[in-house]
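Peer 1: Sharing the record's features from TrEMBL:
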COMPBIAS  1-11  compositional bias 'Basic residues'
REGION    1-193  region 'Disordered'
COMPBIAS  12-37  compositional bias 'Basic and acidic residues'
COMPBIAS  38-47  compositional bias 'Basic residues'
COMPBIAS  48-60  compositional bias 'Basic and acidic residues'
COMPBIAS  61-77  compositional bias 'Basic residues'
COMPBIAS  78-89  compositional bias 'Basic and acidic residues'
COMPBIAS  90-99  compositional bias 'Basic residues'
COMPBIAS  123-133  compositional bias 'Basic and acidic residues'
COMPBIAS  134-144  compositional bias 'Basic residues'
COMPBIAS  145-155  compositional bias 'Basic and acidic residues'
COMPBIAS  156-166  compositional bias 'Basic residues'
COMPBIAS  167-178  compositional bias 'Basic and acidic residues'
Amino acid sequence: MRAKTRRKCARRQGENAREDKAKMRAKTGENAREDRRKCARRQAKMRAKTDENAREDKAKMRAKTRRKCARRQTKMRAKTDENAREDRRKCARRQTKMRSKTDENALEERRKCARRKTKMRSKKDENALEERRKCARRKTKMRSKKDENALEERRKCARRKTKMRSKKDENALEDRRKSSNFKLFCHTQKSNP
């Protein structure tokens, strides 16, 4: 009797233990899911905060860099402007000197050039006139020679064409004769098999 009771009791304890385990597992799973959700929310918040901070830091750095760069450029520009002004002054002085010297030389050069051009023009006009006369004579000769050659060439061509035409006509006549003879032969063959 005692053994039977022990077995019953053990069975009940086993069932209870299984139920407890199942309950615990379900509870643990639920808690784990909740924990994971909380953790994900925390991480998302942190990430958003980090991104925001990073953006702010970047913006600050960019602004700082821009300010530095602007200051450097302003300094450089001021220095460059000063140097450029000095260079322009020097250049202007040099150019003024050179211009006065150049004006004298240029005037003399233009006079010489004008004299040379006048001489050359008169010489050129004479030469050009003579050249045009020679060219006209040459062209006239060539034209008359060309006309003779062209006339002779046309005559030769006409003779050749006439010959070829007469030869063609003879050949065509011969071909027609042969053709009619052949047709006649075929016809007689058909009539007398």
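Cβ from N, Cα, C; glycine included.
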Peer 1: With DSSP as the yardstick, break the compositional bias 'Basic residues' (156-166) down into helix, strand and coil residue counts.
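Peer 2: Summed over the compositional bias 'Basic residues' (156-166), the classes give 11 helix, 0 strand, 0 coil.
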Peer 1: With DSSP helix as H/G/I and strand as E/B, how many residues of the compositional bias 'Basic and acidic residues' (167-178) fall in helix, strand and coil?
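Peer 2: Tallied per class, the compositional bias 'Basic and acidic residues' (167-178) gives 12 helix, 0 strand, 0 coil.
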Peer 1: Work out, from DSSP, the number of helix, strand and coil residues along the compositional bias 'Basic and acidic residues' (123-133).
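Peer 2: Residue counts for the compositional bias 'Basic and acidic residues' (123-133) by secondary structure: 11 helix, 0 strand, 0 coil.
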Peer 1: At a C-beta cut-off of under 8 Å, are there same-chain residues at least 6 beyond the compositional bias 'Basic residues' (134-144) that contact it? List them, or none.
Peer 2: none
Peer 1: Can you break down the compositional bias 'Basic residues' (61-77) into helix, strand and coil residue counts using DSSP?
Peer 2: 17 helix, 0 strand, 0 coil
Peer 1: State the residues, same chain only, that lie 6 or more residues beyond the ends of the compositional bias 'Basic residues' (90-99) and have a CB under 8 A from a CB inside it; answer 'none' if no residue qualifies.
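Peer 2: None.
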